[in-house]
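**Q** I'd like to ask some things about the structure below.
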Amino acid sequence: MATIEEIAHQIIDQQMGEIVTEQQTGQKIQIVTALDHSTQGKQFILANHEGSTPGKVFLTTPDAAGVNQLFFASPDLSTPHLQLLTENSPDQGPNKVFDLCVVCGDKASGRHYGAITCEGCKGFFKRSIRKNLVYSCRGSKDCIINKHHRNRCQYCRLQRCIAFGMKQDSVQCERKPIEVSREKSSNCAASTEKIYIRKDLRSPLAATPTFVTDSETARSTGLLDSGMFVNIHPSGIKTEPALLMTPDKAESCQGDLGTLASVVTSLANLGKAKDLSHCGGDLPVVQSLRNGDTSFGAFHQDIQTNGDVSRAFDNLAKALTPGENPACQSPGESMEGSTHLIAGEPSCMEREGPLLSDSHVVFRLTMPSPMPEYLNVHYIGESASRLLFLSMHWALSIPSFQALGQENSISLVKAYWNELFTLGLAQCWQVMNVATILATFVNCLHNSLQQDKMSPERRKLLMEHIFKLQEFCNSMVKLCIDGHEYAYLKAIVLFSPDHPGLENMELIEKFQEKAYVEFQDYITRTYPDDTYRLSRLLLRLPALRLMNATITEELFFKGLIGNVRIDSVIPHILKMEPADYNSQIIGHSL
């Protein structure tokens, strides 16, 4: 029976490369022969071959003076980990090891996050995991990832990193531990640290903020002593030791264009200086989440013209994957009814037929993926941005809203985006895990209470706002409101004629009355035995006016887009074509 060496010499005599199978073990062997006799140093490029399994590759000189064996440590021969064992080679001396990146095949620099990779793939994986970036593939999710094409598809590159053993947990665990001073409780995080909540959001422990013990909760003043956050802080539940981590500093926010949240961030970076709000002396509540990351807050760029911002937004919008969900249909695409001109108002149209159709009941929100192991400010900001975009798209899908004209539409959304967003929070209460998000905010205020980084007045104001959100969402959940009812409540809020500066207020008021009549008819048909249901639902709307839009921005968006105001982003959102919305935003039915 021929040995491996004998088989190798047979192939060498033929002066060619060939794949053979050892009869004794059934192992695949690839023999590659160097044809150049004069060259001392040889470079061998291994080609992937079908049907191959982990085995040996013999690299030899034509005269068989030196035999090099390459052992595969990875089952995928397209990106092998190569160990070169040199025999009879005086130049190379003892055995040497040459590693190739398991992801792209470039020269590896060592083991990173559980896999042997190059510096490029190491940095790419680290940025993707730490920023919780979500990528999309424009192909069939099987793009070629090698040294020269690894930057063409970030989605396939990240999937390949994970498939070859790069661990997301390793990225989190390599961060430096937080040093806590002796004067402070060991269970309290500094106000400049990042706070994380457990990944298992359905667990009872998920609703308990990290670093808040029962004794610390008892020491809290004002609203906390009154038991307002009893649903956020379940009694008798103890938290396990949590992991504190710090984000990368001064890393550019070149996020994935496949998420609408990245559009908000990218557009915010191009915002004009006049759109930046003036910060007061108090630190924002998300300061403890942002951990001093200047990539979101420092927007001291050159002043951009409106044309520059519009062109940049158009380019970003074109990069989004078109959605295929019925909720992404163009406004009025499947609507019934007609429009006619109102006497004396040639520029405005009033729509005949129902104000809302069944298509407006659809309100599906998909959370960012992959889900981070620890809830952080970037994930909260991305989730809130998706909800904001989805709410704007819902308004755009109403033909009567479009009939008001662009200026009126923008004015209405600027005036009532906070109310629409809050209704969306209540509607997506479970999908977004709003209770856990609010718990994170409360945790930050606990930290500021310990560190004395915020004035008592400011802290009280923020606590009151969080409580209002909690109370409103809880009351809406208890009412078991269906999709039709949420749609009519949003329409009544959207078509509110009492905002100063609006034109065609009579038409807006007619649309609101129409929404109310249709709402009443729906409840009468659907809940004939619940006489006071309509009244109970309408009485929840005044609570929306108590929500401060500026504080909502600070809680949900400031950690993602810095000082850029939502008002400056809304006109660009409303100018987007519905077909340009990313299908990733729409998926799971509520």
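Including glycine, each Cβ sits where the backbone N, Cα and C put it.
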**Q** If I go by Swiss-Prot, the feature zinc finger sits on one of 137-156, 217-236, 297-316. Which?
**A** 137-156
**Q** Which one of 391-410, 491-510, 511-530, 571-590 shows up in Swiss-Prot as region 'Required for interaction with NRIP1'?
**A** 571-590
**Q** Any idea which of 59-79, 101-121, 458-478 is down as zinc finger in Swiss-Prot?
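**A** It is 101-121 that Swiss-Prot annotates as zinc finger.
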**Q** Out of these recorded positions, S568, K575, which one has the fewest other C-beta atoms within 10 Å of its own C-beta?
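**A** If we count Cβ atoms within 10 Å for the recorded positions S568, K575, the smallest count is at K575.
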**Q** What whole-number Å value do you get for the CA-CA distance of K575 (SUMO2 cross-link) and S568 (phosphoserine)?
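**A** Per the Cα atoms, K575 (SUMO2 cross-link) and S568 (phosphoserine) stand 13 Å apart.
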**Q** Quick one: what's DSSP say for S568 (phosphoserine), helix, strand or coil?
**A** helix
**Q** State the three-class DSSP label for K575 (SUMO2 cross-link), counting H, G and I as helix, E and B as strand, and everything else as coil.
**A** coil
